[in-house]
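To start, the structure itself, in structure tokens.
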Amino acid sequence: MAFYSLQEIPLVYPSYFPKPVYDFKTNPLKRAKIELGRKLFYDPILSRDHTISCSSCHNSNQAFSHAGNGLSKGIEDGIGDRNSPAIFNLAWQKKFMWDGSVVNIDVQALAPINHPKEMGEDINAVVRKLNKSKEYKTLFYRSFGDSLATTERIMKSLSQFQLTIVSANSKYDKVKQGKAEFTEAEANGYQLFKNNCSSCHTEPLFSNYGFANNGLPINPELKDYGKWNKTMEPEDKLMFKIPSLRNLSYTYPYMHDGRFQTLNEVLEHYEKGIEKSPTLAKELQYPIVFSPKEKENLLAFLRTLNDSVMVSNREYQKIK
């Protein structure tokens, strides 16, 4: 039997996390809407040929990334323009996509749905398909008090599910909570991290979610200049969103175009591969050099940021 649920639920996160930047007053979390968003997230009905869902490129078993794939994959074997970013801790982010071109998560899903190389669908067609579905009519009634699917309701339901995906159960978090201790290697790596990486990858989210030019040479096939592709402003050239360092073991390959398969390759870039340009981050004007032992320690610390609890959380997985 269908029922309309009014009960709001809080977003659960640790006390040492900052306050979320998402305005939950505009879209209060409700169990029925979260479950509707979860259903939509895993449903390929959002794509033109019903072959691609949000989860196709954001796999819960891979920290909602597309591990092993340099660029996103879409309908009709289409290859996207960028690496699929992991999606977690979205309530603390103001801008989305590698170039920050989406400024509200409540409309973010329109980008992949409309993208010809991703889902290749028109949102109005999605609305029509959902309004023909008896199952979705029931789910929309439970969420909104009537059975009508609309673009706004679809977007806000998808937001609700994604906003609940919180990564805060790594070993690092246990240490912060006084429930575990770092090994000597991890502690040494933590100090190296604080001295060399923390200005951009700020604790406890391990990103300031700003934008930076980290000295990557241009991929001649993609010709991706980051924010500049949208704004054409000189100061935006080669500026890409700074990703979180949480869950790196699940989210390879790395960078906006997935060019690095391993973290050792990433560290080698910061030591030997930085390309100077007018917008290069001030923190990267000089190479970051680690000894072999220091690299081992830093990587040991980064592994403490992996959140297997989130990855295995059944509430984030497809409804059976």
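Backbone N, Cα and C atoms are what each Cβ position is placed from, and that goes for glycine too.
Curation plays no part in TrEMBL annotations; they are all automatic predictions.
Taken straight from TrEMBL:
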type    : residues               : note
BINDING : Cys54, Cys57, His58    : heme c 1 binding site
BINDING : Cys197, Cys200, His201 : heme c 2 binding site
DOMAIN  : 32-134                 : domain 'Cytochrome c'
DOMAIN  : 184-306                : domain 'Cytochrome c'
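Taking only the Cα positions, the spacing between Cys197 (heme c 2 binding site) and Cys57 (heme c 1 binding site) is 28 angstrom. Rounded to the nearest whole angstrom, the C-alpha distance between His58 (heme c 1 binding site) and His201 (heme c 2 binding site) is 22. Here Cys54 (heme c 1 binding site) is positioned 28 angstrom away from Cys200 (heme c 2 binding site), judged by their C-alpha atoms. The distance from the Cα of Cys57 (heme c 1 binding site) to the Cα of His201 (heme c 2 binding site) comes to 24 Å. Note: the heme c 2 site is recorded as Cys197, Cys200, His201; in the same chain, Phe193, Asn196, Ser198, Ser199, Thr202, Phe206, Ser207, Asn208, Ile242, Leu245 also have Cβ atoms within 8 Å of that site's Cβ centroid. Around Cys57 (heme c 1 binding site), a 10 Å sphere centred on its CB holds 24 further CB atoms from the protein chains shown. Every protein chain considered, the tally of other Cβ atoms within 10 Å of the Cβ of His201 (heme c 2 binding site) stands at 19. Of all the binding-site residues listed (Cys54, Cys197, Cys200), Cys54 sits in the most crowded Cβ setting, with the most other Cβ atoms within 10 Å.
Between the CA atoms of Cys54 (heme c 1 binding site) and His201 (heme c 2 binding site) there is a gap of 26 Å, rounded to the nearest whole number. Helix, strand and coil counts from DSSP across the domain 'Cytochrome c' (32-134) read 45 helix, 6 strand, 52 coil.
The heme c 1 site, placed at the center of the C-beta atoms of Cys54, Cys57, His58, has further neighbours from the same chain whose C-beta lies within 8 angstroms: Phe41, Ser53, Ser55, Ser56, Asn59, Phe64, His66, Ser84, Ile87, Pro112.
Neighbour density for His58 (heme c 1 binding site): within 10 A of its CB lie 23 other CB atoms from the protein chains shown.
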